[in-house]
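Read the structure below first, then the notes.
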Amino acid sequence: MGKLVLYGVEASPPVRACKLTLDALGLQYEYKLVNLLGGEHRSKEYTLKNPQHTVPMLEDDDGKCIWESHAICAYLVRRYAKDDTLYPKDYFKRALVDQRLHFESGVLFQGCIRNIAAPLFYKNETEVPRHKIDAIYEAYDFLEVFIGSQAYLCGTGITIADFSMVSSVTSLVGLAPIDPKRYPKLTGWLDRMAKLPNYQSLNGNGAQMLIDMFSSKITKIV
């Protein structure tokens, strides 16, 4: 048996979600930075493992490769966790976690982060339409309702949905600051997540990196 290897970049929210999951499970792994600007993810060696040439990618201790952060996080829990707390086996509880994960990937990551990042970093645009910022606040509105009177997104305990969601939300606060008066539930949840062991190194630093990348490119919200 080999060792777990996670391929990624620090600024990537999905990579950070995987790192939070690995840490919560107490798993040892090797972290390999992928030089996206240098095209390392498009090398023959990488695309043989991941034809979609994306990060994160997990190479498990049997040499099998999995990409897409939600698939990775769910796999890690199912294979290595001592219990199902992070990804419940109960049908309804798991469906709730899955719904939050789909919301994160479709609405927050694709609809907000990637929708803004792609034109900036791949088309060299410098202006962001106001409606894209409005979409972030619309997502915050939903999250405020999702959390409600609960401590976390799916109830009283942390799940992989919290790891995925916090990686994206903390990457957006530079573009759409969160007003504690408007979003008290969301603010409280973020504060609780920030108290996790190793949170700053696993998510906080990378989130700030992406915020700084946005700031360096954006000249105007129009």
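Cβ from N, Cα, C; glycine included.
What TrEMBL records for 2-84 is domain 'GST N-terminal'. The domain 'GST C-terminal' annotation in TrEMBL covers 90-221.
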| message | DSSP-wise, what's the residue breakdown of the domain 'GST N-terminal' (2-84) into helix, strand and coil? | response | 33 helix, 16 strand, 34 coil
| remark: DSSP puts the residues of the domain 'GST C-terminal' (90-221) at 93 helix, 6 strand, 33 coil
